[in-house]
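To start, the structure itself, in structure tokens.
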């Protein structure tokens, strides 16, 4: 390490495993931005379920060890490399990706994954935009090609991606239904775009949804837990309806005939497959939503960096999401 190089606190993962492999260190060198890169002083970082899958080693993409998790940071520009002319020191920004990892006091990001954060949103809200809103937008607009007047059911609607999907769907003129497992979660879902909400902890909640939508069924289902819900989803769809799989924590057996009768589709989505150009399209639409006011992230549990392992435990095994989980720095 170069003499006099600035140090920072950062969470490091040296082996794949449970939350206990998240190690907070205080002697990590602050990255230096190269061409087309920006260094951000992190004020808040979003915690996403996918980060727990990556940490456990069960996700399709595995980072080289050791690494620092986290892609969704919000803070201020500390420094820029060459040709990063869109930003200057002190600019308020948020990211959709990082190079060095977001669970840290400073994060390095490619300049095309950094966006100006409007004054009307605070840093916690800025850290809640990245994966949730870009994923929800990709699922609804890019993959499902939703149209105004169609119906959408958002499973797990009280979490980060779910609330983002509700807000986007409502803004685009859809009939929005959501599910949540707590009274508080249901209330938040209704406050953020849903026309109706159902308690997925009730044994007969699928019957209630069927009664609500009638014979036509649901045009699009945004599915956060496909290994639990996929069979039920297929029974809820309209003719030509689509299940957009955003999340799954295991396997499930389905009867392909259930897709044949209604000529329905099951489509998987990951925001990591987005091209640079697609990210720019999504960002433009989402930044318009910030200005208009329909994009307003809801913040849930908040943790200091020292409690990152607890955050990872709770995002998977907690009793029910009520907004976006955030690390505060």
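Just so you know, glycine gets a Cβ as well, placed from its N, Cα and C.
Taken verbatim from Swiss-Prot:
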BINDING   53, 158-161, 181, 200, 229, 246-249, 269-271  NADP(+) binding site
MOD_RES   2  N-acetylalanine
MOD_RES   23  N6-acetyllysine
MOD_RES   248  phosphoserine
MOD_RES   296  N6-succinyllysine
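Feature map: annotations from Swiss-Prot on the structure.
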residue: 23; record: N6-acetyllysine; DSSP class: strand
residue: 53; record: NADP(+) binding site; DSSP class: helix
residue: 159; record: NADP(+) binding site; DSSP class: coil
residue: 200; record: NADP(+) binding site; DSSP class: coil
residue: 246; record: NADP(+) binding site; DSSP class: coil
residue: 269; record: NADP(+) binding site; DSSP class: coil
residue: 296; record: N6-succinyllysine; DSSP class: coil
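Residue environment of residue 271 (NADP(+) binding site) contains 26 other Cβ atoms, counted within 10 Å of its Cβ in all protein chains. A gap of 13 Å separates the Cα atoms of residue 161 (NADP(+) binding site) and the residue listed as 'N6-succinyllysine'. Here the Cα atom of residue 200 (NADP(+) binding site) is found 25 Å from that of the residue listed as 'N6-succinyllysine'. In this structure the C-alpha atoms belonging to residue 296 (N6-succinyllysine) and residue 23 (N6-acetyllysine) are separated by 32 Å.
Long-range neighbours of the residue listed as 'N6-acetyllysine' (same chain, six or more residues apart, CB within less than 8 Å of its CB): 11, 12, 13, 14. For the binding-site residues shown (159, 161, 200), fewest C-beta neighbours within 10 angstroms: 200. Neighbour counts of Cβ atoms within 10 Å were compared for the binding-site residues 246, 269, and the top value is held by 246. The recorded positions examined here are 53, 248, 296; by Cβ neighbour count within 10 Å, the least packed of them is 296.
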